[in-house]
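Features of the protein shown, as given by TrEMBL:
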DOMAIN    39-288  domain 'G-protein coupled receptors family 1 profile'
TRANSMEM  24-46  transmembrane segment
TRANSMEM  58-80  transmembrane segment
TRANSMEM  100-118  transmembrane segment
TRANSMEM  139-162  transmembrane segment
TRANSMEM  195-223  transmembrane segment
TRANSMEM  235-258  transmembrane segment
TRANSMEM  270-290  transmembrane segment
Amino acid sequence: MGNYTSVSTFLLWGFSSFQDLQNLLFAVIFISHVTIVAANVSIMVAIKLSHNLHTPMYFFLCGLSFSETCTSMVVIPRMLVDLISENKTISLPECATQMFFFLGLAANNCFIMAAMSYDRYTAIHSPLHYHTLMTRKTCLLLMVASWVVGFLISLCIVITIFNLSFCDLNTIQHFFCDISPVVCLACDYTSYHEMAIFVLSAFVLVGSFILIMISYVFIVFIVMKMPSAKGKYKAFSTCSSHLTVVSIHYGFACFVYLRPKDSDSFPKDMLMAVTYTVLTPLLNPIVYSLRNKEMQTALRKSPGSVIRFFLQMTNKRPLNIF
């Protein structure tokens, strides 16, 4: 951290202004969190146990579900504790750690969605060579690259922010350590720092969004050349779930991270943050399960598959009679 940092702890103000709603907010957010974890874990288990879902598309969906679950785990448990606790302080290292993991996972989500759009383009453009092009190794490389690049960018942002000096003010007008509420407390925050953070944020959001749009522009051209209406419908239906999730994710994220900031914008940003930390991870499994018959079938079969899986593991385990 910077040599002149005089503040050692922050106060997460969060929802403290709504004292009368603390219990209601706790109940709603807790139920939402349990649902997020249960829904995303169900998708991961269904993909793992259903052999017909062992394809690149569902590999990336499994990765996205895991990343979304981790994102909510970084933010929501701390939010729940603060809602029922009088002590809402967070140390500088804890704040930096939370921001690092949140931004890294959020960036990872963007790059995974870009990889999913490329996968859909490959499936529609080259259906006969799809499994040759989208091999297990290629999918793993795309997934690893998403994680590595996402966390490298997050590290750059966190180093930029926490090398600033924080003096006097220590109240974060948010329920977690996000970029804007933290940097506004720094006493040596300059336009240079603002530009550096903006460029890194834009690289993640705009860069991945451009890759997604390029894939879908090519997909539209390919589909338009298809002779049958049935073929067009089938091609577009394979992309509809992904497009829905992309629209929700990028709409809220761009509103928060790519527009000019001032102190009056924090309440709006906090409302949007609730949406993309609670609602978006909840909508992803709903969208993919409602619009995908294969996933619906796998989810219906998954309870029985889980029981059979554990029975097989139990039968294979050697008995220790001593």
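Quick reminder: no glycine exception, Cβ is built from N, Cα and C everywhere.
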Candidates 58-80, 100-118, 139-162, 235-258, 270-290; stretch with most C-beta pairs under 8 Å toward the transmembrane segment (24-46): 58-80
Per-region confidence, the domain 'G-protein coupled receptors family 1 profile' (39-288) (mean pLDDT, whole number): 86
Beyond the flanks of the transmembrane segment (235-258) by at least 6 residues, Cβ under 8 Å: 57, 106, 109-110, 113, 116-117, 120, 123-124, 178-180, 198, 201-202, 205-206, 209, 212, 216, 219, 222-223, 226, 269, 272-273, 275-276, 280, 283-284, 287-288, 291-292
The transmembrane segment (195-223) vs the transmembrane segment (58-80): 3 or more CB pairs under 8 Å: no
Same-chain residues near the transmembrane segment (270-290), Cβ under 8 Å, at least 6 residues beyond its ends: 14, 29, 32-33, 35-36, 39-40, 42-43, 61, 64-65, 68-69, 71-72, 75-76, 173-176, 178, 241, 244-245, 248-249, 252-253, 255-256, 296, 299
